[in-house]
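Colleague: Annotation source Swiss-Prot lists domain 'HD' at 446-568, citing sequence analysis. Residues annotated as domain 'ACT 1' in Swiss-Prot: 688-772. Residues or ranges marked as domain 'ACT 2' in Swiss-Prot: 794-863. As annotated by Swiss-Prot, region 'Uridylyltransferase' applies to 1-328. The feature region 'Uridylyl-removing' is assigned by Swiss-Prot to 329-687.
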Amino acid sequence: MLFSPTLSSPLTPSAVKIERENLKQFELENFSRYSIFELIENRCDFYDALLIQLWQEIELSEQLGIALIAVGGYGRREMFPLSDLDFLILVEQTPSPEIEEKITQFIQFLWDCGFEVGNSVRTLEQCESEGKQDITIATNLLEARFLAGNRPHFDALNELVKRADFWSKEDFFNAKVQEQIERYQRYHNTAYNLEPDIKYSPGGLRDLHLLYWVALRHSGALTLEAILQSGFIYPQEYQQLQESRAFLFKVRFALHLILKRYDNRLLFDRQIKVSELLGFRGEGNPAVEKMMKCFFQALHRISLISNLLIQHYRENVLPSNQDTVIDQLDDDFQLINQCLCLRNSFVFQEKPARILDLFFYLTQYEHANIHSDTLRQLQISLDQLSQKLCEIPAAREKFLRLFNQPNAIKRAFMPMHQYGVLTAYLPQWQAIEGLMQFDLFHIYTVDEHTLRVMLKLESFLSQESAQEHPIAHRIFSQLSDRTLLYIAALFHDIAKGRGGDHAELGAVDIADFAQLHGLDRREIDTLAWLVKSHLLMSITAQRRDIHDPEVVMNFAEAVQNQVRLDYLTCLTVADICATNGNLWNSWKRSLFASLYEFTGRQFSQGMKELLDYSEKSAENRKLAQQILMRDYSDITPISIEQLWARCPEDYFVRNTPKQIAWHTSLLVDFVEALLVKISNRFSLGGTEVFIYCQDQPHLFNKVVSTIGAKKFSIHDAQIITTQDGYVFDSFIITELNGELVEFDRRRELEQALTLALQSEKLPALSIVPNRQLQHFTVQTDVRFLQENKKEHTQMELVALDKAGLLAQVSQIFTELNLNLLNAKITTVGEKAEDFFILTNQFGQALDSQQREILRNVLYRNIG
């Protein structure tokens with residue numbers, strides 16, 4: 001043993017606790033000195049020595065018909081600092097009261113030492129009956145390892161679990177694979193989550209265990225080395241599995257050393273500490289990102305190889321009653337029972353461009369899979385490539401052809417990524433494989449996100465997308481050639497992790513790719529522009545005032561034409577949806593639809609003059625009046641005009657006809673001082689909070705503090721002041737998950753806002769610490785946008801999205817006598833990116849001195 005514990009005799013819980021702590025200290029101090037396998041072996045030896053000595057001291061060793069057997073992870077000698085001690089006490093018959101007392105004493109002692117114990121006491125007959133009913137028990141028994149007591153009794157258990165009538169090889173295989181399917185579904189079939197589980201995520205240790213269990217049930221192979229010697233895996237597969245297993249073991253061991261309670265999730269705070277223990281260096285996030293890149297690559301290799309071997313077992317080892325049906329596809333490929341097979345094992349080595357044809361055939365035969373033997377030949381060939389596939393002219397032609405095939409992304413590009421073909425084709429791809437960004441915004445690694453963007457684009461073809469993404473569905477369905485958009489998606493983030501502007505660098509990469517693949521100058525320019533500008537629409541829609549004609553003109557000038565607008569819209573929507581499933585909601589849909597509509601109008605009108613919103617205002621007035629005349633018989637045109645005469649022109653542009661009609665119906669005969677109404681019916685994409693009252697100090701502060709205290713997300717705020725000093729304030733809110741607000745919650749918020757606005761006191765800031773936010777730092781940035789407007793100032797604020805931030809900002813505005821006209825609230829993971837339109841107390845734009853004072857106060861208070 002590396003560390004020899006001093007186990008006193010007789011054993012005492014306090015002495016064992018001291019030795020456990022000494023062992024942990026030894027492991028912390030020597031973590032980088034010894035291999036992870038030595039550390040795990042050493043810990044297992046310590047447990048064995050402890051349990052065997054305890055067994056003897058309690059005099060259980062003197063009982064002839066009883067055996068102590070390690071099972072589960074302890075049985076396979078896979079023990080980490082916080083692993084459970086799983087063991088079976090195998091008895092010949094129901095224990096006598098005396099033996100039962102000794103067994104209780106044995107288990108109680110381990111509990112007193114602080115161990116988490118997973119124990120069972122069974123007869124051989126009980127092992128058989130319970131094991132037959134429960135695959136988990138059967139699996140535990142399969143990994144049984146003798147520790148002490150009656151050896152023949154243990155041997156009898158071993159013989160039992162090998163019998164075909166206990167669990168047949170086929171039934172055992174199918175049950176374990178079904179467990180894996182259900183586990184993958186719990187993790188959304190991806191290993192690339194922000195805070196992954198080392199054990200249970202796809203590609204995690206459970207995938208390795210599945211491989212062990214199948215091999216153990218089939219041939220009795222106890223270790224990865226034994227599986228190699230049996231010929232079931234190739235040497236290169238063994239090497240990759242061994243390296244990946246070692247890395248996951250190191251991460252899990254380090255995680256257990258820093259925790260006090262058992263857990264296998266790599267939460268954000270733990271990622272930082274584990275990366276330090278593993279020796280990853282770098283200021284701030286890079287160390288974590290380097291470690292997680294290695295981690296995700298290990299998961300990918302384990303998932304790929306273990307699933308390939310499971311498929312190999314099903315296809316080549318398990319019996320099949322299926323008649324063989326062979327379709328010859330060409331000289332090199334054939335379809336055998338819907339499995340793509342090579343007719344010659346050396347096809348890929350001799351003609352590497354034919355690798356792309358394998359995936360072409362996947363798109364042509366929607367029910368086909370790739371045979372495991374073909375996949376193994378593919379892996380061998382990829383390892384032997386002397387150049388990137390894109391350097392082969394025939395491969396380039398085949399690669400471009402794939403984009404126009406049915407279900408090209410799902411059937412070709414997803415498998416190409418899974419099996420390493422994209423890495424073999426694109427020089428830049430390997431750098432983004434497993435690359436994560438240590439933030440709350442990007443929940444997938446860059447490579448996984450990229451494929452999800454492409455898959456989302458492909459989904460726009462389905463009729464199901466017409467409701468959720470009507471504009472993208474219409475555009476994408478009408479494109480005669482979708483190749484350019486797919487290529488733009490493939491490259492939009494390809495330069496991440498290099499330093500510098502990834503959009504600028506990616507534009508260079510995609511231009512080189514397009515030129516190499518023979519695209520014309522127009523296509524090259526379009527692709528380079530799309531990658532360089534892929535964030536433009538997102539920034540404009542979410543962080544600019546899209547009702548400002550200058551904003552629309554600037555955006556239209558950058559986009560240049562309707563074709564590019566269509567491309568950019570599809571790419572932007574797909575990018576947002578594939579970044580984080582919670583980001584897209586009905587509010588964002590309406591926001592992007594408005595920008596798309598305004599920009600289209602600008603193109604139709606021409607680029608010489610700003611978009612004329614008077615036409616939009618008149619149109620909205622007309623439609624709102626039609627709604628009022630249709631739905632509210634007691635409202636007269638005269639009363640409508642009297643109310644509308646108080647409102648600035650801006651009001652009729654920034655609100656939809658439904659909103660205007662709703663506001664009007666509420667106010668046309670309203671004579672009281674305060675009105676708060678909340679509805680889901682009239683605002684596109686969110687729940688609207690409408691407030692009418694006389695303007696008052698701290699109004700915005702009171703509203704956002706109250707909304708925040710009730711745990712809603714604010715997406716947009718409009719402050720319209722009438723000519724007689726009243727405000728028409730509209731806030732678009734949702735639940736934190738992006739859903740509309742239900743009736744009871746709306747009534748509750750109405751009451752809270754009414755009380756807050758009637759009170760002279762400011763609401764107390766409700767600050768609930770966020771576990772995830774504690775581990776991130778965001779550099780506060782205050783930026784004033786350059787514009788020539790004298791009537792207002794536009795400001796961007798980037799800061800950590802801590803609780804009460806918006807209320808804190810609004811309080812600063814009040815203290816500096818600033819008026820807020822409009823706000824857009826955007827949360828990007830842990831980061832708030834907010835946009836405000838302000839005036840000073842005289843209703844004018846802020847001068848340079850006022851801007852500098854505001855900047856300094858924000859920095860000082862927000863940090």
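For all residues, glycine too, the Cβ spot is worked out from N, Cα and C.
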Colleague: Which value does the mean pLDDT take for the domain 'ACT 2' (794-863) in this predicted structure?
Modeller: 87
Colleague: Going by DSSP assignments with H, G and I as helix and E and B as strand, what are the residue counts for the domain 'HD' (446-568)?
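Modeller: Taking the domain 'HD' (446-568) as a whole: 89 helix, 0 strand, 34 coil.
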Colleague: Summarise the domain 'ACT 2' (794-863) as counts of helix, strand and coil residues per DSSP.
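Modeller: Per-class counts: 26 helix, 26 strand, 18 coil.
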Colleague: Using DSSP, what is the helix/strand/coil residue split across the domain 'ACT 1' (688-772)?
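Modeller: Tallied per class, the domain 'ACT 1' (688-772) gives 27 helix, 27 strand, 31 coil.
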